Every structure is written in structure tokens, then in C-alpha cells.
Amino acid sequence: MAILGVLAIHIFGLILGEEQLRGTSTWYFGLIIDLGSTWCVPVFVMISGALLLDPRAHVGGPGIFLRKRALRLVPALVVWHLVYLLLVRRVFFDDRPTIENVLLQLIDGRIFTALYFLWLILGLYLVAPVLAAFLADGGRKRAVVTAVVASAWTAVILALPGITTELGSPRPRGDNIVIMFLPYIGIFVAGYAWREPQRHGWRWLWTGALAVALMAETIWQYNVRPDHTWLQALSPVAYFSPLVVIASVCLFVCVIDLCSRVELPDRAQRVLRSLGAATFGVFLCHLVFYSVFRRWYPDFWADPRPVAKIQMYVAIVVLSFALSLVARKVPVLRRVF
């Protein structure tokens with residue numbers, strides 16, 4: 001589900017780049033889908049936290065844990081940076097940046113649109129053994145407190161640039177591939193803290209309702225920018241902003257509670273596991289197909305009509321999953337999908 005949200009942001013978000021459409025039904029269509037999908041990155045991180053902070057993942061010690069993750073992530077990180085730099089940017093778009101520009105873009109995590117996420121996950125991998133050791137004997141309470149405190153710390157860091165701007169002395173927040181994982185530590189721990197489903201009761205209902213309400217506020221807040229300057233400063237719209245984080249946790253809890261009550265046939269479970277295993281590859285390759293449309297079908301790519309965006313979305317989802325599923329059956333390609 002989260003990967004579908006990522007693709008939705010990249011495709012339907014194109015509508016919001018057309019400022020002349022503001023206030024039209026097309027604008028609101030793109031706004032609702034794009035901003036309504038901002039939960040996807042936090043939920044991705046929460047799923048990672050639920051898996052990577054589990055004590056069972058660290059039975060062999062930090063060395064084995066890190067080696068296993070490095071063998072999975074580092075080849076993909078290197079190969080896909082080269083794919084987007086040399087194939088997409090150079091071959092597709094004849095973009096020939098200088099070595100200095102490439103190095104600066106690499107430091108900023110901006111070689112291509114979503115590749116920063118690989119550096120984010122790499123940073124979380126590196127701190128996972130330390131966090132897991134800290135959380136191991138503290139029970140759920142320690143995990144919840146850690147998630148809340150870390151998320152509150154992130155909220156302050158996120159708000160400070162806006163606050164200083166309102167006070168007339170801007171202090172922009174810097175970011176780079178070494179530290180970009182830090183704002184996500186609270187979300188990472190939250191996935192572990194709230195990983196256990198409740199198979200009975202109504203928790204799914206109120207968490208789902210709260211998630212919808214908070215995402216509605218996020219959509220409204222983005223739409224009224226730059227009005228309500230202090231609100232925009234104190235809680236800017238971002239993947240790790242307070243309201244988006246709370247909404248993402250609520251959605252995560254709602255979904256795991258509902259899924260725990262559904263008994264699927266073995267065949268359906270196998271299909272879902274295969275699709276789930278393919279999502280990493282989908283994340284990595286979908287922007288190649290996006291770029292193909294941009295380069296060779298520019299009118300279709302730029303068409304803001306909802307029907308055109310839905311068609312492009314479906315095409316990229318199908319093509320990306322097809323490539324990822326096939327690539328995972330090829331031993332060499334499997335290492336980078």
C-alpha cells in the first residue's frame with residue numbers, strides 16, 4: 001500500500017506544479033491524492049522499524065545484522081545512482097553535469113528525485129543495532145516514550161527555520177546524506193512500538209478516523225499556503241511534520257489491526273508476499289518509466305487532466321511491478337531489485 005502512495009505523489013503531484021490550475025477541480029483532484037498520500041514515507045519507515053528493531057533480527061550481533069543489510073542495500077544504492085545519472089539524466093535528457101555538481105548533488109541526496117530514501121534507510125540501518133539494544137529490555141513503554149520524544153525533537157527542528165523566518169532572521173535547516181535519517185528516528189521506533197495488532201476492540205476505528213482527519217488538515221493547510229504563516233511555521237507540511245507523523249502512526253495501527261482479523265487463503269498470501277518483496281524494486285525503477293513518458297511522450301506526461309494522470313499511474317504501477325517481479329527471478333538482477 002505504501003509503495004502505491006509513493007507513485008501517486010510522483011505522478012499526481014505533477015498537477016500541483018501547474019499553478020494556473022489552482023482553484024479548479026483538477027487542482028483539487030491532484031491536491032487530495034498527492035497530499036493525501038504523504039503518509040506513505042513515514043509508513044515505509046515504520047514498517048522498517050517494526051522489522052529491523054525486533055530482537056530476533058539482532059540475534060547474531062550487530063556485525064551480522066549490518067553485513068546482511070549492506071549486502072542488500074549497498075549494491076542497489078550504487079547501481080541505481082548510476083542508472084539515473086548515466087541512463088536517465090545523460091541518455092534520456094542529455095544532462096551532463098560537471099563532476100563538482102554531481103558531488104554536490106550526491107552530498108545533498110539529489111542525484112534523482114527519490115534516491116535520497118536509500119541514504120535515509122542506510123542511516124537507519126547503522127543505528128538500528130544501538131536502538132534495538134536500548135529497547136530490548138524496556139518493553140513497549142520504553143519504545144513508545146522513545147518514539148514520542150524523538151518525534152517531538154524532530155518537530156522542533158522542523159519548526160525552527162519557519163519560526164526564525166517569522167521573527168525576521170531566517171535560519172535555514174541544512175540537510176545531507178549523512179544526517180537525513182535523523183528526523184525519521186522517532187517514526188522508525190514508532191513502527192516497533194506499535195507493531196502488535198489488536199484483534200479485538202475498536203482501536204482500528206478511532207485510529208482510522210483520526211488519520212483521515214489529520215490528513216484532511218494537511219491537505220487544507222497545503223492548499224492555503226502561504227496564509228496562516230505561524231501555522232505553516234510551527235507545523236509545516238512535510239513527511240516528518242507532527243500532524244503527518246501522528247496520522248501515519250494511526251493509519252499504520254488501523255491497517256495492522258484490520259489485517260490481523262482477515263484470514264486469507266494460502267494462494268492469496270503467497271501472491272501478497274511476492275508483491276511485497278517486489279516493492280523495493282518498484283520504488284527503485286518506477287522513475288525510469290516516469291522518465292520514459294517524460295522524454296518520449298511529453299504531451300501525455302504534461303497533460304494535467306485526471307484521466308491522463310490515472311492512465312499514466314496505472315501504466316507505471318503495472319510496468320514497475322512487472323519488471324521488479326521478473327528481475328527478482330534473475331540471480332544477478334535480484335541483488336539490485
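Glycine too: its Cβ is placed from the backbone N, Cα and C atoms.
The annotation domain 'Acyltransferase 3' is assigned in TrEMBL to 2-327. Positions annotated as transmembrane segment by TrEMBL: 27-53, 73-93, 113-136, 143-164, 176-194, 201-220, 240-259, 271-290, 310-327.
Averaged across the domain 'Acyltransferase 3' (2-327), pLDDT in this predicted model comes to 94. By the Cβ criterion (distance under 8 Å, sequence gap of 6 or more), the transmembrane segment (201-220) is counted as touching the transmembrane segment (27-53), at least 3 such pairs being found. Only pairs six or more apart in sequence are counted, and the transmembrane segment (176-194) with the transmembrane segment (27-53) gives three or more Cβ pairs under 8 Å, enough to call it a contact. A Cβ distance under 8 Å defines the sequence-distant neighbours of the transmembrane segment (143-164), meaning residues of its chain 6+ beyond its ends; these are 53, 131, 134-135, 170-173, 182-187, 189-190, 192-194, 232-236, 238, 240-242, 245.
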